[in-house]
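Engineer: Just passing along the structure, written as structure tokens.
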Amino acid sequence: GFVVGHAGLYQALAMFAVAYFIIGMTVLSVCAIATNGALDAGGAYYMISRALGPEFGGSIGIMFFLANVCGSALYVLGLVEAVVDSFGIPPGQEAGTGIHVLPQSYWYELLYGTVLLALCLLVCLVGASIYAKATFLIFLIVAVVLGTILISFFATRPLKVPIHLNGTDTDNGIFTGFSLKTLRDNLGGNYGVDYTTGQMMSFSSVFAVMFNGCTGIMAGSNMSGDLKRPSYSIPRGTISAVLFTYLVYNLLAFLMCATCNRILLQKDYGFLRDISIFPPLVTVGIYAATLSAAMSNLIGASRILYALARDDLFGRALALAKKTSASGNPVMAVILSWLVVQVVLFSGKLNTIASVVTTFFLLVYATVNLACLALEWASAPNFRPTFRYFTWHTCLLGIAGCCVMMFLISPVSASASLGFLLLLLLALHYLSPSSTWGYISQALIFHQVRKYLLMLDVRKDHVKFWRPQMLLMVQNPRGSARLIDFVNDLKKSGLYVLGHVELQDLDMLPSDPLQPQQESWLSLVDKLNVKAFVSLTLAPSVRHGVRQLLFTSGLGGMRPNTLVLGFYDDEAPQDGLARHPAFTSAREEVPLGFPPLRAPTAPKLLSAREYVGIVADALKMLRNVLLARQLESLDKAWELRRAASPAPTIHVWPVNLLRPDSARYADTCSLFLLQMACVLNMARAWRRARLRLFLCVEAGTMPHAQEEKLRQLLKDLRIQAQIQLVPWDAITRLHWQTCRGSPGGPAEEEEEEEGVVNFPTNTAQVSDEYVCAANKLVLEQSPAPTVRFLYLPRPPADTSLYPLYLHQLELLTRGLGPTVLVHGVSAVTSTQL
């Protein structure tokens with residue numbers, strides 16, 4: 001009567017259609033999730049949390065708990081309103097007459113509500129079985145009352161109904177019986193003042209009150225933990241209930257509009273008693289219906305609270321709600337829910353909290369649809385609901401309908417609810433323990449990543465969009481913590497893979513030894529806060545293992561293009577992991593699973609020849625190579641954050657110091673070296689550092705012209721660096737003296753061609769004396785930099801010269817501090833837009 005009195009028949013039918021469209025889409029989603037596996041206590045909360053994860057599940061669980069709590073209070077207040085309407089002393093009279101014996105005031109009505117709520121509490125405390133019997137009995141009563149009301153519309157003769165407002169007869173409502181004129185008068189909307197609250201009604205406020213008559217669709221799913229066969233009962237019970245109530249609401253709306261005038265509908269919400277063939281039965285029906293709804297919401301709220309407490313998402317805050325009776329009834333959850341409903345009862349009037357309750361329910365329904373949509377879009381093989389009458393379109397329509405109606409009903413309530421939901425999401429994300437339920441986000445990410453990896457076509461690669469994709473080989477993370485951190489700064493949003501080779505033979509082992517290690521490596525990545533993947537392999541030698549990783553690491557267009565190795569020397573490894581800020585500041589233990597570092601006297605796992613062979617293999621595979629020496633001595637936090645002047649510097653030597661006769665600044669390797677130094681300088685932690693580029697010049701070679709040419713190159717590449725001229729006549733003189741005494745001078749050697757693998761035997765051409773002089777030249781450039789980038793020459797073609805090659809690299813970088821030797825094989829710089 002309230003709905004059709006204010007909105008008219010057309011708008012009332014539209015409201016029912018919109019409301020049932022929203023809940024119909026939601027019911028389809030509920031049925032799909034409910035038939036996809038075993039359900040436990042918690043209903044919608046259980047469905048959402050197991051589909052969307054603990055953050056969404058916990059926050060929506062709290063919202064759904066509050067929705068049920070407010071809904072229970074709403075129905076208790078509705079029952080109080082009906083009781084006072086029937087038995088209350090009319091306003092303005094000091095004593096009642098006949099059956100009108102109940103005093104009316106805010107505190108008296110609060111008392112009546114408290115008594116009725118206590119009755120609901122008693123039923124719920126006894127347990128789900130007595131509640132089920134009570135609700136079935138109430139259903140029979142309501143069905144009988146409904147039958148008599150439908151008969152009354154036909155059997156009752158026209159009559160006038162006095163309207164009592166403020167203790168006086170203000171008007172007469174008229175029951176006309178079936179009348180075409182009455183029907184026409186009631187077709188359109190005519191919103192007036194709600195006599196219980198004094199507020200002007202509108203479409204949204206009437207819809208908010210009406211929608212609370214449709215929120216029982218979760219009553220069955222809330223009882224999921226108490227049902228024998230929830231996957232069977234929930235779809236059948238919910239769908240049949242929705243269809244039944246939709247038909248009844250539409251039929252009642254039509255009959256009321258055809259038989260009752262607008263005054264009766266707007267000014268007397270209890271008019272059905274006046275026109276009934278047996279008035280007391282209507283009163284019993286109203287009491288039974290509202291009492292059933294109040295109990296349903298109270299027991300639903302308690303089951304949600306119990307499920308939240310059992311999942312430990314809120315820790316000790318809900319520990320009390322875990323306690324159950326001997327029969328398994330969560331009595332403490334029921335009592336806590338009852339206390340919260342009692343607090344909500346202080347709001348006083350039914351229509352005051354209707355919009356808040358409706359907003360909460362709509363938000364929960366939207367999230368149920370979202371959970372089903374996510375499961376459908378993730379295309380997980382295990383999402384196989386036996387209920388198939390849904391698609392992602394129905395889920396999307398349900399979400400859209402819920403969101404639109406939320407903001408139409410009350411923009412303030414909707415915004416506040418979403419803000420509260422967001423706060424709960426953030427709190428649970430950072431504070432709740434990890435769960436073992438499975439995260440739909442992981443399934444969705446997998447689905448999208450696979451799709452985009454297929455779209456990432458390596459044939460469309462362009463040098464403008466090149467980025468370093470690193471494979472860092474790590475023997476033991478305990479001795480490589482700072483190197484791992486340094487390479488993380490070098491990757492520039494590219495792929496970063498931590499590779500490790502385990503020297504074992506799978507034929508000799510009962511199971512894969514790498515699986516137990518995976519967890520330790522992943523924990524390490526989390527603790528060091530590096531964006532890296534982990535790739536472990538078994539091989540008979542380190543060189544074979546690195547080959548495997550270079551061939552197989554990555555996927556599609558995301559494959560490592562740069563190999564990073566620690567330097568091969570005789571220095572004793574230091575446990576940098578124990579001193580790393582990630583473990584010292586948080587007072588956490590170093591992850592277990594990593595063996596102690598190799599003792600200084602213990603033999604190495606690979607020989608010098610094998611180490612250089614790895615470098616040669618990578619260059620054959622057209623991978624860039626970085627060799628990092630003494631990076632574990634780099635205290636990045638101290639070096640880059642110290643306030644003292646001058647600013648930290650990065651020294652760049654883009655000339656091949658082991659082949660001064662072929663010194664060029666614009667070959668592929670030199671440009672790659674420049675690019676890597678620039679990429680490091682672009683990392684957030686290194687932005688204060690300044691690039692310093694060293695130009696080695698000889699007398700009589702027009703150094704200023706060379707400097708201007710190099711400056712123009714840097715300008716074209718948009719690299720900001722200071723150029724410093726370094727005379728090296730004395731150094732090159734040593735080189736030429738060596739060359740004159742050896743057959744096959746530099747003129748006989750082939751120049752490197754881009755893209756062609758060519759191994760000049762340059763290590764035979766320079767003496768240790770020359771290399772030490774070059775090392776001294778690099779070392780003398782002050783002030784000392786934070787890190788140095790040096791040109792890494794190719795290994796010699798003659799494998800017998802590998803030890804000599806490595807020896808000269810060691811001499812060249814001895815005592816330089818943190819140093820990166822770089823050799824590039826691919827074009828990585830672009831001067832084009």
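Any Cβ shown, glycine's included, is placed from N, Cα and C.
Any TrEMBL annotation is an automated prediction that lacks curation.
Since we're looking at a predicted model, the values are computed, not measured.
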Engineer: Which range is it, out of 284-309, 414-439, that shows up in TrEMBL as transmembrane segment?
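Structural biologist: Checking TrEMBL against the ranges 284-309, 414-439, the transmembrane segment one is 284-309.
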Engineer: Most CB pairs under 8 Å with the transmembrane segment (284-309): which of 56-77, 110-131, 136-155, 241-264, 353-377?
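Structural biologist: The listed stretch sharing the most Cβ pairs with the transmembrane segment (284-309) is 56-77.
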Engineer: Counting Cβ pairs under 8 Å that are 6 or more apart in sequence, does the total for the transmembrane segment (241-264) and the transmembrane segment (330-347) reach three or more?
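Structural biologist: No, the transmembrane segment (241-264) and the transmembrane segment (330-347) are not in contact.
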Engineer: How about the transmembrane segment (56-77) and the transmembrane segment (200-220): at least 3 CB pairs under 8 Å, pairs 6 or more apart in sequence, or not?
Structural biologist: yes
Engineer: Please identify the stretch among 12-35, 110-131, 136-155, 200-220, 389-409 with the greatest number of Cβ pairs below 8 Å relative to the transmembrane segment (330-347).
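Structural biologist: Of the candidates 12-35, 110-131, 136-155, 200-220, 389-409, 110-131 scores highest.
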Engineer: How does the domain 'SLC12A transporter C-terminal' (482-570) divide up by DSSP, counting helix, then strand, then coil residues?
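Structural biologist: So the domain 'SLC12A transporter C-terminal' (482-570) is made up of 38 helix, 22 strand, 29 coil.
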Engineer: Quick one: do the transmembrane segment (353-377) and the transmembrane segment (136-155) have at least 3 Cβ pairs under 8 Å, skipping pairs fewer than 6 apart in sequence?
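Structural biologist: Output no: the transmembrane segment (353-377) is apart from the transmembrane segment (136-155).
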Engineer: Mind checking which residues reach the transmembrane segment (12-35)? Cβ under 8 Å, same chain, six or more beyond either end.
Structural biologist: 3-4, 44, 47, 51, 203, 206-207, 210-211, 214-215, 217-218, 221, 224, 230-231, 234-235, 238-239, 242, 246, 249-250, 253, 257, 362, 365, 368-369, 371-373, 375, 385-390, 394-395, 397-398, 401-402, 405
Engineer: Residue list, the transmembrane segment (136-155) vs rest of chain: Cβ under 8 Å, 6 or more residues beyond ends.
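Structural biologist: Cβ under 8 Å, 6 or more out: 178, 248, 251-252, 255, 259, 272, 275-278, 281-282, 284-285, 288-289, 291-292.
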Engineer: For the domain 'Amino acid permease/ SLC12A' (1-471), what is the mean per-residue pLDDT, to the nearest integer?
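Structural biologist: Result for the domain 'Amino acid permease/ SLC12A' (1-471): average pLDDT 82.
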